[in-house]
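According to Swiss-Prot, the protein carries these features:
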type	residues	note
COMPBIAS	252-261	compositional bias 'Acidic residues'
COMPBIAS	271-283	compositional bias 'Acidic residues'
COMPBIAS	455-467	compositional bias 'Basic and acidic residues'
COMPBIAS	468-480	compositional bias 'Polar residues'
COMPBIAS	496-513	compositional bias 'Basic and acidic residues'
DOMAIN	312-358	domain 'G-patch'
REGION	252-283	region 'Disordered'
REGION	455-513	region 'Disordered'
ZN_FING	155-178	zinc finger
C-alpha cells in the first residue's frame, strides 16, 4: 500500500511537469487507476482488521490483568517493608525519648503572637504518633514548663501529686504540654553573671508566674537583685529578688558579644603577635570598664574595704591598686568576690568549740556574737558613758569663770542691778581662786567691754543714718538697750575683780616689813 502511494505521488509530480497533451492523458489515466487500487486495498485491510480485533482485545485484557496483579504484589511487599521500617524507627525513637524522661530541655509554646521557647522538664512520652514538618513520623513528649509565663503553662500541683480530679481538657492548669520530639532543643541554664543594669529578666512572683522586668541594681555578695517589673498592674513595681527567683534573658547584645569573641579568637590565631597584644589590651580595657560598671550597680556595703587603713599608711591598698584592683569592686580577677571585709572573731579563752556554739545559740544565733568590732564598739559605748558622767561632774564644779557668769551676768539686768549684784559678791568666794586666774579673767572682761563698746558705736551710727525709718529705729533702740545692759554687767564684774585684786595688794603691803 505504501508502494502504491509512492507511485501515485510520482505520477502527480510527472503530471505537473508534463507539457505534451497525449502524455498528460496517459498520466491522468494512470493516476485514476492508482487511486482505485488504493481504495480497494484500504477496504480489504479494514475487513481483515475487524476480523482480528476481538482476538487482540482479549490479549490486551489479559496483559492488563497480569500488570495489575504484579503491581499489587509489589505494593503489598513495599507497604509491609515500609511498615516494618516505620515500626522499627518508632521503637528506636520511643527508646530514645524514654531515656530522656526527667531531663531538662527547651520546648516550644504557641502564644497568640507566635512560638516561643521556654525551659521545661520532660515527664513522659505520648502514645500517639504524629507527622513532623518534614513528613517523617515522630513521637510526642509531655513536658512541664519550669518558667511559666502564662496560666495555661502553669503546672497543676494536684496533678503532680496524682490527686487532680479533672482531666487535661477541664483543668485550668497544665497537665503537661505535648510537643514533637524533633522540636526539642538544648536546655538554656540561667547565667547570673550576665545580670547588669537594664538587663531584661523573668522574675517569679507569688502567683507562681514569671513576669518580665528590667534590672536596676545587683548585689553579687548577698545574691540579691532589684528589678522594675513591666506593666501597670503591679502595686510595687520595684522589688528585690534573690538570684534563684530570676532568669536572665538573652539579648541581641549577647549574641553580638559571642560573635565578636569568636571573631577575636580567630583573628588572634591568624594575626601576628603585635595584633594579639593590641587585642589583649582592648580586652583588658573592656574588663576594667565592666568591673567599674559592676561596682556602680552593686549594693554599697556598710563598711568600706580597707577602712582600717585610716589609722595606718595604707600600704595594703597601694599594693592592691598596683596589682590591678579597682576600688569599690569585689576581690578577684573578675571583680565578683567579697566586698564586705571579713570580721575577726575572738572566742572565749579556755572554752571548747561546742561551748562557744552553745553561747552563740543562747544569743539567738547571733553571727557577730564573738566579733572583735562588736567588742570594740561595746567598749567605746562604755567609754562614752564614762566621759558623759565625767563631764557632768566637771560641769557641777564651780570655778571663778562659772561663778562670775552665774552671779554677775544675767539677761535683762540694768546697770543699777549690776551694781547691786556686784556689791553682794562674797569676798570669800573670790578668795578661793588664785591671783593668776583673777588676772586672766580681768583681761578677758576688758576685751569684752571694748568689743561691746564698738558694737554700741556701730548701732549709734546706724541710728543717726536711718533717722527717717521708724521701724528700723525701734529695732536699733532695742539693740542699744541690750548692749547697755550687758556693758553695765561687764563693768560691775570688772569692778568686783579690781576690788579683790586691790584687797590682795593691800594685804601684801601690810605683811611687808
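Count begins at 1; order follows the chain as displayed.
Cβ coordinates are placed from backbone N, Cα and C, and glycine is handled just like the others.
So that I understand the layout, could you describe where these features sit and how close they are to other parts?
Long-range contacts of the compositional bias 'Basic and acidic residues' (455-467) within its own chain (CB-CB distance under 8 A, at least 6 residues past either end) are made by residues 473, 476-477, 479-480, 483-484, 487.
Taking the domain 'G-patch' (312-358) as a whole, pLDDT averages 79 in the prediction.
For the region 'Disordered' (455-513), the DSSP counts in helix, strand and coil order read 52 helix, 0 strand, 7 coil.
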Taking residues 6+ outside the compositional bias 'Polar residues' (468-480), which of them lie with a CB under 8 Å of any CB in it?
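Distant contacts of the compositional bias 'Polar residues' (468-480): 456, 459-460, 462.
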Give me the DSSP three-state residue breakdown of the zinc finger (155-178), ordered helix, strand, coil.
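Per DSSP, the residues of the zinc finger (155-178) fall into 5 helix, 4 strand, 15 coil.
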